[in-house]
Amino acid sequence: MNKFAIVLAAGKGTRMKSALPKVLHQVAGKSMLAHVLKSVSEVEIAKNVVIVGHEADRVIATLPKGTQFVKQVEQLGTGHAVRIAADLLANEEGATLVIAGDTPLITGETLGALFDYHFAQKATATILTAIAPNPTGYGRIIRDEKDSVEKIVEQKDANAFEKSITEINTGTYIFDNKSLFKALTEITTDNAQGEYYLTDVIEIFKKVGQTIAAHILDDFDESLGVNDRVALSQAEATMRKRINHEHMVNGVTLIDPATTYIDSEVTIGAETVIEANVTIKGNTFIGKNVLITNGSRIENSEIHSNCEVRNSTVEESRMSVGSNVGPYAHLRPGTVLSEEVHVGNFVEIKGSTLGKGTKAGHLTYIGNATVGEKVNFGAGTITANFDGKNKFNTEIDDFAFIGSNSTIIAPLHIGKNALTAAGSVVTEDVPDEAVEIGRGKQVNKLGRAKKMPHYRGQ
């Protein structure tokens with residue numbers, strides 16, 4: 001049987017107190033809507049329709065290529081939101097999943113089980129329910145004397161007895177598609193909210209003797225709908241625990257999972273060790289047997305096997321096998337370290353490529369440079385690559401030795417096996433195998449110190 005999906009992503013999310021549409025708020029580095037769409041994609045959906053409304057164009061811009069959408073111009077309730085998908089779905093034969101775009105914790109496995117249960121029960125509607133420790137705010141599942149689902153009552157419409165019920169509606173359903181769209185033509189706004197409730201179709205089905213099933217969630221956390229920043233933080237914490245658990249069972253050591261923040265798209269190889277207070281974001285790849293020490297931050301980068309990142313920041317950069325950085329180094333966007341490169345403490349590199357075995361041990365800035373193999377940078381070296389308007393490139397060939405406190409005024413080229421003397425200001429190209437000296441000659445004025453303010457006598 002064909003499977004379809006309607007993802008509700010039209011709401012403003014007033015309680016978020018944000019200019020950003022609610023479904024675009026991120027959990028573990030990815031929007032809530034993206035999490036939901038990923039889970040939906042795991043159950044072989046024939047047609048997926050996203051209902052957009054508030055800031056529709058911003059939401060549409062984030063959708064995967066080819067995703068169908070419908071704009072809900074007026075937000076008149078969940079029933080209305082589903083009904084406007086009729087032109088795309090009403091004539092289809094099959095079962096339709098309806099799910100909110102602000103439920104980032106629900107998994108593809110759960111949605112697959114929900115479809116299986118729906119088909120096994122031969123139901124017209126199947127509700128994903130959960131037993132809530134505190135059901136306040138949720139719609140309640142009302143069952144009859146035979147324990148069959150009778151209806152769903154929203155919090156604002158519930159009486160005292162109904163409010164005491166702990167089985168809640170998670171807001172995720174599967175319906176027989178044609179029955180759903182037929183029933184949606186019969187719902188009204190006769191309720192406390194003055195809206196078209198999707199849940200009213202349950203009573204319509206029940207009155208004509210159709211089967212209503214309820215599948216209870218094993219993990220209540222999956223039911224979390226995010227309506228404010230508090231719930232957003234809860235979703236973040238739960239997602240982080242899931243992510244960290246998955247990495248650990250796959251052979252990654254997390255010294256302190258409670259302070260380790262790893263986004264959902266990060267890949268990490270076995271035998272890697274990650275210490276406390278580490279953040280790894282975006283589309284980051286980390287190979288095998290990598291050490292990442294306390295306080296490091298890595299974003300949208302590639303760190304290959306046998307590397308070390310010690311108390312450092314790595315952004316949009318690539319570290320090849322056996323390279324190491326830190327402590328307190330900063331690889332800025334566009335940096336590429338070849339194999340066995342060493343970048344030490346208080347070194348900043350931007351938009352540069354360093355060849356195999358090159359070393360920049362301390363207090364160095366390298367920007368917009370192409371550096372060969374086994375080049376050594378002495379402490380205090382900088383490439384002066386910016387004239388206030390334009391950036392300029394520096395080329396340094398294999399085996400060059402850059403003396404401490406050298407200032408390299410780009411653009412220029414330093415040749416193979418060349419050496420710059422300590423303290424030099426390099427303003428011209430340096431040929432292969434040349435020694436460059438770009439500093440004033442030292443002069444010692446004997447006895448002059450006695451006339452200086454610092455002098456304290458013999």
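Quick reminder: no glycine exception, Cβ is built from N, Cα and C everywhere.
If you look up Swiss-Prot, you'll see 1-229 marked as region 'Pyrophosphorylase', on the strength of sequence analysis. Residues annotated as UDP-N-acetyl-alpha-D-glucosamine binding site in Swiss-Prot, with sequence analysis given as evidence: 8-11, LYS22, GLN72, 77-78, GLY139, GLU154, ASN169, ASN227, ARG332, LYS350, TYR365, ASN376. Annotation source Swiss-Prot lists Mg(2+) binding site at ASP102, ASN227, citing sequence analysis. The annotation region 'Linker' is assigned in Swiss-Prot to 230-250. According to Swiss-Prot, the region 'N-acetyltransferase' annotation covers 251-458, on the basis of sequence analysis. Per Swiss-Prot, the feature acetyl-CoA binding site maps to ALA379, SER404, ALA422, ARG439; the stated evidence is sequence analysis.
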Practice prompt. Determine the mean pLDDT over the region 'Pyrophosphorylase' (1-229), rounding to the nearest whole number.
Written response: 95
Worksheet item: Are there residues at least 6 beyond the ends of the region 'Linker' (230-250) whose Cβ is under 8 Å from a Cβ of it, and what are they?
Response: 16, 25, 27-28, 32, 35, 104-105, 221, 224, 257, 260-264, 266, 268, 270
Worksheet item: If the acetyl-CoA site is taken as the center of the Cβ atoms of ALA379, SER404, ALA422, ARG439, which further residues of that chain fall within 8 Å of it by their Cβ?
Response: GLY378, GLY380, THR381, GLY403, ASN405, SER406, ALA421, GLY423, SER424
Worksheet, complete the sentence: Reduced to three DSSP states, the region 'Linker' (230-250) has 20 helix, 0 strand, 1 coil
Worksheet, complete the sentence: Students should find that the Cα atoms of GLY139 (UDP-N-acetyl-alpha-D-glucosamine binding site) and ASN227 (Mg(2+) binding site) sit apart, in Å rounded to an integer, by 15
Worksheet item: Counting other CB atoms within 10 A of each CB, which of the binding-site residues GLY77, GLY139 comes out lowest?
Response: GLY77
Worksheet entry | Those residues of the chain, 6+ apart, with a Cβ under 8 Å from that of ASN227 (Mg(2+) binding site) | GLY13, ARG15, MET16, LYS22, ASP102
Worksheet item: Looking at the binding-site residues ALA10, GLY77, ASN169, ARG332, TYR365, whose Cα is closest in space to that of ALA422 (acetyl-CoA binding site)?
Response: TYR365
